[in-house]
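Listed in TrEMBL for this protein:
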- 147: active site, proton donor/acceptor (ACT_SITE)
- 95: substrate binding site (BINDING)
- 112, 114, 204: Zn(2+) binding site (BINDING)
- 26-231: domain 'Class II aldolase/adducin N-terminal' (DOMAIN)
């Protein structure tokens, strides 16, 4: 990322200072604390980013999510991908190019978690493929006839929400040693499954995005419920699809 448009320190700090709890810098901290209590962002893993107007607000790398403060937040100018604010001594999130991929498809918020249920679902899909003697390759987690599926839109530019009888498909991409190296695979999955609002990363976690913060949060919570349910269903020998 180029820093050619970086603001003077005082001006840059104004980008994250607000008494409004709905300001992105405050919201990211609130969301990350909530996600910590859910076990989604233990240690310093995971992250959240919000787009508001021309600006992208991003949680930093290496900061424990339950301790994050607004002055820890990075700010990018979306049009130039240049940093307007870089907190001293902190590093930008390695998730940044993946967040930008979601924003390029109209998202207003993108959430990355290391949910155990998300990881377990990818392992079960991986095992299913191996047991059938198939290449693991690119797979999808698929489930249907579960009420919480109604929490997802039908797709970009499609009116309405999914229904009980619809099949939810979440593509799974392979993990890499470095987070930013996932970007190409994530973008390919978005192109192949243009109606999806999430991508699982095998043995790693999940990226979820929505048109705004509320929708992204709702979809992340709905997905985690579905992933946990899917793991429990498998224990009981119940199929995900009919």
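The backbone N, Cα and C atoms fix where each Cβ goes, glycine too.
Nobody curates TrEMBL annotations by hand; they come from automatic prediction.
Neighbour density around each Cβ, counted as other Cβ atoms within 10 Å, peaks among the binding-site residues 112, 114, 204 at 112. For the Zn(2+) site, the Cβ centre of 112, 114, 204 serves as reference, and the other residues of the chain with Cβ at most 8 Å from it are 45, 46, 113, 115, 118, 201, 205, 206, 207. Of all the recorded positions listed here (95, 147), the one with the fewest other CB atoms within 10 A of its own CB is 147.
Measuring Cα to Cα from residue 95 (substrate binding site), the recorded positions that fall within 10 Å are 112, out of 112, 114, 147, 204. Confidence annotation: the domain 'Class II aldolase/adducin N-terminal' (26-231) carries a mean pLDDT of 96 in the model. Taking CA atoms as the reference points, residue 114 (Zn(2+) binding site) and the residue listed as 'active site, proton donor/acceptor' are 24 Å apart. Here the C-alpha separation of residue 204 (Zn(2+) binding site) and residue 147 (active site, proton donor/acceptor) works out to 26 Å.
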